[in-house]
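Here the structure is laid out as structure tokens; the discussion comes afterwards.
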């Protein structure tokens, strides 16, 4: 129970911002968010594209053109997947650089939170002991009443209600006092910890967006290398796409010529 109280108390002091540190999650970098959004977008476009292609190919014009767009889409999807796979090492390189630059800040923040846990532990132990004592006293006071429940009449129910009400109200008030006392004991740590947490998280966010000159230089260098390595990959993708575009253009031209001959 004490471990649960410690965790809840720290989350109460710091807010949900500290969640990733207690769960030992790596903070999501801007690159992570961009990649996740890109993956979702590509999957959505792919699913929507298949539906549209299926409807088009089943139409009269689609059957006449016989473009086999579904097959071409699968080929293009494979090419796009290959491009994304080839980009993965470069993405990891930039991500690892960001994590390395923010490692010290994240370690400092974890240390601050651990120090606060140790400082508030005595208050939580005291709160837990008092709470347990109050509940036990309440249980003992109710034991005779529970015995009377075995033989109830309407009159006895009303009498028992009169007995229980003041006891329940007294216990409720005492437990509220314990919670209020705990809140007052933790209050001095709340402002300091929130300020430290906000400061550290702000520094991490700033590291995630290349603003410092040193970090800017690193990112520019990495992006320059990435652009050089990606150029042939993008060119290969464009070359894969060109035949399908030319095929579509030629078939449309043939269809227009056929329509003109029919109308002549």
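Every residue, even glycine, has its Cβ placed from backbone N, Cα and C.
Features of the protein shown, as given by Swiss-Prot:
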| type | residues | note |
| --- | --- | --- |
| SIGNAL | 1-18 | signal peptide |
| REPEAT | 67-88 | repeat '1' |
| REGION | 67-264 | region '10 X approximate tandem repeats' |
| REPEAT | 89-110 | repeat '2' |
| REPEAT | 111-121 | repeat '3' |
| REPEAT | 122-143 | repeat '4' |
| REPEAT | 144-165 | repeat '5' |
| REPEAT | 166-187 | repeat '6' |
| REPEAT | 188-209 | repeat '7' |
| REPEAT | 210-231 | repeat '8' |
| REPEAT | 232-242 | repeat '9' |
| REPEAT | 243-264 | repeat '10' |
With DSSP as the reference, give the number of residues of the repeat '2' (89-110) in helix, strand and coil. 22 helix, 0 strand, 0 coil
Across the repeat '10' (243-264), average pLDDT on the 0 to 100 scale: 61
The DSSP breakdown of the repeat '3' (111-121) into helix, strand and coil residues is 11 helix, 0 strand, 0 coil
